[in-house]
Amino acid sequence: MKTLLNDADSAGGPEAALSGETIRIRGGRPLRGRVEVKGAKNLVTKAMVAALLGDTPSTLRDVPDISDVKVVRSLLEVHGVRVESGAEEGTLHFDPSGAVAAHFEEIDAHAGASRIPILFCGPLLHLLGEALIPDLGGCRIGDRPINFHMDALRAFGAIVDKSYEGIRITAPDGLHGANIELPYPSVGATEQVLLTAVRAKGTTELRNAAIEPEIMDLIAVLQKMGAIISYEPNRVLLIEGVDSLRGYDHRAIFDRNEAASWACAALATDGDIFVGGARQQEMLTFLNVFRKAGGWFDVREDGIQFRRGDRLTPVVVETDVHPGFMTDWQQPLIVALTQAQGTSVVHETVYENRLGFTEALVQMGADIVVHPQGIDSPERRVPRRALEQAAVVTGPTPLHGAEVVVPDLRGGYSYVIAALAAQGESVVSNMGIIRRGYEKFFAKLDALGADFDVIG
Ligand code: EPU
């Protein structure tokens with residue numbers, strides 16, 4: 001029997017909607033049906049920050065109802081930006097004309113909630129001459145240092161001071177174009193440079209930039225605002241600073257991480273899921289691996305249908321920056337690989353601690369051995385990174401229910417689909433973390449026929 005979902009959840013309503021933190025799942029039932037994905041969390045939150053750079057209001061469409069968006073909305077509001085929801089579901093309007101410096105207490109109230117506050121630096125420095133950054137949050141998947149961000153800001157002429165309040169950044173003489181080479185194509189540091197360089201005096205050259213589709217979409221947003229950004233071969237971005245930018249009207253790129261998550265849910269539970277809004281182009285690498293692992297998909301005009309083919313087969317994958325296999329895709333894939341006939345290897349090369357979630361899968365019956373220092377494998381495309389780890393997954397192993405606690409966004413999602421694929425009952429707690437990145441999560445599970453109750 002299913003506990004009735006909060007109506008507001010099904011209707012995409014307010015915060016109260018997904019208040020449950022703990023769910024009980026009765027597994028063994030394939031997920032079948034249709035879900036829609038909206039704008040990408042990893043673009044939407046950055047485009048919201050970009051609205052601060054405009055002289056006129058901006059409109060962002062397809063904004064998902066997730067808690068990361070709420071955190072950024074609230075941070076914009078404490079800086080005097082008026083944020084209003086539009087008539088079309090998922091539309092937000094931003095009016096930055098009243099932007100002001102925020103009090104430390106107001107900013108600090110968001111400490112630990114998200115990693116996005118760090119991207120406020122450039123826009124706030126241009127607007128107000130200073131920025132205050134609280135302790136950052138986000139998933140605990142490694143050290144997640146911010147040295148690339150701080151080095152880049154210094155290259156633009158900013159002064160970075162660490163105080164008891166957090167990090168205080170000032171630019172008494174304004175910001176000038178810079179010549180920057182990132183030690184690694186970091187997504188966040190590339191966004192930091194873009195959001196700062198567009199209004200700096202002179203030209204910025206960024207080498208070894210991240211080129212994820214969400215970054216290209218952010219570049220599209222900034223170009224709509226009046227920025228001049230060219231994308232050169234070999235990960236080079238050239239940004240010619242301009243004196244002023246206007247607001248934008250933009251529909252966010254779809255969330256390919258969410259699309260890949262549901263695809264893996266279909267694979268793991270032997271289900272059949274149509275993901276409305278998913279597009280092939282940005283998922284080419286994922287689709288190749290999905291097919292090699294025994295998945296079947298059909299690309300249609302309005303989305304992609306995913307299910308199992310004849311049987312699941314083991315694969316060797318390594319996570320990488322775009323156009324490689326994203327680090328956010330490995331967790332749900334690993335659940336499916338526990339049901340493949342043979343041994344798979346997943347090399348995690350982006351974060352140094354993103355395989356810890358597998359412990360709970362082992363508790364559920366999976367055969368997964370994590371090698372904290374990584375392992376060699378003949379299929380390697382790139383040399384090993386110092387950070388990396390590897391998971392060796394041997395299947396098929398029947399999964400059984402367990403009590404598990406969501407550790408981080410993608411790991412948590414993988415626990416839910418493992419519980420859905422498992423025989424028996426599981427209790428999954430700390431579900432609030434999943435709300436950071438998956439919109440209407442319970443409503444979607446319900447629509448796909450999952451058997452679960454919200455119990456706490
Ligand atoms: N790094 C540094 N120093 C820095 C910045 C990064 O050493 O100053 C290292 C990180 O520790 C990591 C690697 O560089 O080992 C890559 O980090 P990156 O900066 O690319 O990641 P991010 O910007 O913090 C975003 C997404 C992540 C996604 C990664 C990789 C957002 C809000 N987060 O993080 O998404 O995994 O890029 O694509 O955009 C998620 O959605 O669950 C998630 C964690």
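A Cβ is built for glycine as well, from the same backbone N, Cα and C atoms used for every other residue.
Automated prediction, rather than curation, is the source of TrEMBL annotations.
Among the features that TrEMBL reports, active site, proton donor is placed at Cys139.
Summarising the annotation, TrEMBL assigns phosphoenolpyruvate binding site to Lys41, Asn42. DSSP assigns Lys41 (phosphoenolpyruvate binding site) to a helix in the three-state reduction. Summarising the environment of Lys41 (phosphoenolpyruvate binding site), the number of other Cβ atoms within 10 Å of its Cβ, over all protein chains shown, is 26.
Annotation comment: TrEMBL describes Arg115, Asp328, Val350 as UDP-N-acetyl-alpha-D-glucosamine binding site. In the three-state DSSP reading, Asp328 (UDP-N-acetyl-alpha-D-glucosamine binding site) counts as helix. Using a 10 Å Cβ-Cβ cutoff, Asp328 (UDP-N-acetyl-alpha-D-glucosamine binding site) registers 23 neighbours.
Marked as domain 'Enolpyruvate transferase' by TrEMBL: 26-445.
Annotated 2-(S-cysteinyl)pyruvic acid O-phosphothioketal per TrEMBL: Cys139, in sequence order.
Annotation comment: TrEMBL describes 1-20 as region 'Disordered'.
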For Asn42 (phosphoenolpyruvate binding site), nearby residues of its own chain (Cβ under 8 Å, 6 or more apart in sequence): Val187, Glu212, Glu214, Asp255, Asn257
Per-region confidence, the domain 'Enolpyruvate transferase' (26-445) (mean pLDDT, whole number): 93
Alpha-carbon distance [Lys41 (phosphoenolpyruvate binding site); Arg115 (UDP-N-acetyl-alpha-D-glucosamine binding site)] in Å: 12
